Amino acid sequence: MSDDSFSSDEDWDELDTQVVDKIENEYHNNTIGLNGYSVDEYFDANDSNRYRLQHELDESAAQQWVYPINVSFRDYQFNIVQKALFENVLVALPTGLGKTFIAAVVMMNYLRWFPKSYIVFMAPTKPLVTQQMEACYKITGIPKSQTAELSGHVPVTTRNQYYQSRNVFFVTPQTILNDIKHGICDRTRISCLVIDEAHRSTGNYAYVEVVHLLSLSNKNFRILALSATPGNKLEAIQNVIDSLHISRIEIRTENSIDISQYVQKKEVDFFPVDLSAEITDIRDRFSSILEPMLQKLNKGNYYRIQNAKDITSFTVVQAKQAFLAMSGQNFPANQKWDILNTFDALATFAYPLNLLLNHGIRPFYQKLREVEEECFVGRSGYKKRIINHENYRPLMDDIEILLRDQSFVGHPKLEHLERIVTEYFEKEQTKDTRIMIFVEIRSSAEEILRFLGKFYPNVRPAIFIGQSAVRKAAGMSQKLQNETVKQFQKGEVNTLIATSIGEEGLDIGEVDMIICYDASASPIRMLQRMGRTGRKRKGYIYMLLTRGKEEAKWERAKDAYRTLQDNIVSGRGLSLSEKSYRILPEKFRPVCDKRVIEIPKENEEVVVAPKKVQLRTKIKKKFFMPENALNGFITASALGKPKRALAKSEESPFEICPVTYSIEQEKKLEKYKRVCLRGLDIHRNRRLSQLSVTGRIPHSLATKSIHSFLKHLNTIDSQKAQEWRREINNQFQVSNINSTDRDTKQPKMHDFRQPLHPNPMTTLKRKGQHNSFSYDKSTLFYDNNNNLEEDLPDVNISISSRNEEASKTKPFDDRQQRLQQLVEKRKRMKGMLI
């Protein structure tokens, strides 16, 4: 049932009657959701039957679960499948011990039990998705017609068709996440979710978001998580458990009792490598250039390492963070930024120094050239201090001389690598064998490829890197990656030089020797590298480690791996989830049916990619060309000929029907002609008899006065307007006679001041020299008194008797005074406007 719906009658039938009544009552009283709970959370808290089945169940198939015996039977696989069918399980097995087989068996049984539901297998990359899909075809016999491979390269319309017609999907996590968010994939139909490389399920990775979205509206789905190592630390493993609702961990190591018989012996040899004289000289000279910056940090006790030869980017960044957290808050801005920029510059040049010691002179030189380009493009004053150092340019010149020598070996590791690889392939019994070399950075991989290419055809090397472009170096396309893997599996390539992309997930094939060109401090990466060999026959592992820091890094990785495995097996420090709900009804107790699975013929056929179907009509292109420009193909003979003129269609002029106005309409028209001035734009709007209602703030008194005046003005007829015009003309004639007296007399202050309660009669009597004019004007005021009283019908104030009552009676109360002031203000406004 969805979070926001109560209308489904089928969901209500399985609930207890009392629970239904209670929910309906609270729903009608609008009390559900006030505490922030969703409908599913409310059901979880109040429903006695938490295992409501959402998917259509095949009851006959639910009586048993099928275990294929097409391949050799292994106890640990059988035991893990038995647990994974009924709980959310995290399976941690070394590489090559059949995690895909376990997932395929679980998927097959859920498809049998719930034939109309969705079975989803998620893998982080498209090559992994394709590989797992082909493996499931061969193991469980799921027909190809029921499966689909979905990634971002598949159009949305095609994915929508697959969701309507198929049930088993092999997808990348971001693709199905987008489909769920946009409603293309019905999340309530998913009954089984398999997650490959589950150690990625932390933070905001798409795995975590997919499981979260499914949990919001679907409690009937099983989760099976697969990984060689679930995490570097217990905190990371706990994050995976919480994100994927894991209720059980099935972990095996190469020393486990039920695993040891299926694991071939592996020989691990260490080759400690001493630095060459050239590398030592370059290290010392470059360290002396970094020494002034290091001493600057040492004086303030911001960085403890005293020797520039021992600095690393990691320790510099740690010291910078400690400075910001503790001391950096109390420093002046200039001094603080000076220290931070020094940290940044030192961390930038510490990384090339690490490349020099562990990978060689060429990667060191290439990295410094990249830093130089960054400095000249951006504003990097502190880094330029290193580049502009007097000893920096001579050092780079000497390195360039060394690299021009074709016989020069950039690091002693390459000499050890040459001896190991050439001797191994010279043996007769190892002509069909393969070697895989792991390296952290691409520049080292490219140098190894050039170095081993000299020993062709005994050594046939190929590089295997990621798709993303780094700096100026482009990555490998997915097509080229797949071709390289196939060539390695067929034996056309017998030495594969891989970065971290070769460590995770991909089925590279049979590898008899692993060479680790550098050490990784991560237990996950260490285990994944070593797990590539020793699957069907004895494996060899060679570690090429520079003496000192790289040796210590390897020892730390081994210790961390042992401690981590012991903690996982014992369960110390881990808390499992309780959200692993039962999906099959309790009355069904399926028993195991071991049988040979028939593989459909369609699964063995080579799939030809279908041609792309054009689902949308092409949009007609718009060419922004000048008028009368030639477009398209035109012959030379047609260039001199004039274009054929198109027939012009002459339209007849539009006839305007004569209109006669009535007498009243003519008067209105004349009125508008008189009012409208040149350049005045008048828009006749709808007449409002009342002012519109406002919100919290009422209309001002000025607005109300103007509205009342305009309303009154609209009621004036033409005869009254003519009378007013004559009276005003007479008043102007009288005022011109008395103008000489006013001009010679100095104005006084009371001539400009208006009283609070002006009375036209009393005010005009004070000015004896204006009696005739003032009396006429007061008459004009009193002509409008009736209309003013109509504007405020609730005000019972007599204007004619107001002055007499004011002298005999007590003052008015506050309300009457305010109303009186409003009436007189409107009178004053109308008189002024007229």
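Glycine is no exception: its Cβ is also placed from the backbone N, Cα and C atoms.
The domain 'Helicase ATP-binding' feature in Swiss-Prot is assigned to 80-248; the stated evidence is sequence analysis.
Taken from Swiss-Prot, the feature ATP binding site applies to L93, P94, T95, G96, L97, G98, K99, T100, supported by sequence analysis.
Sequence annotations record features per position, and here Swiss-Prot assigns motif 'DEAH box' to 196-199. Under DSSP, the residues of the motif 'DEAH box' (196-199) split into helix, strand and coil as follows: 2 helix, 0 strand, 2 coil.
What Swiss-Prot lists as domain 'Helicase C-terminal' is 416-582, and the listing cites sequence analysis.
On the 0 to 100 pLDDT scale, the region 'Interaction with MHF complex' (650-690) averages 58 in the predicted structure. Summarising the annotation, Swiss-Prot assigns region 'Interaction with MHF complex' to 650-690 and lists experimental evidence as the type of evidence.
For 738-769, the entry in Swiss-Prot reads region 'Disordered'.
Per Swiss-Prot, the feature compositional bias 'Basic and acidic residues' maps to 740-754.
DSSP assigns K99 (ATP binding site) to a helix in the three-state reduction. Residue density at L93 (ATP binding site): 24 other Cβ atoms are found within 10 A of its Cβ, drawing on all protein chains shown.
Applying an 8 A CB threshold to same-chain residues 6+ apart, the list for G98 (ATP binding site) reads R74, Q77.
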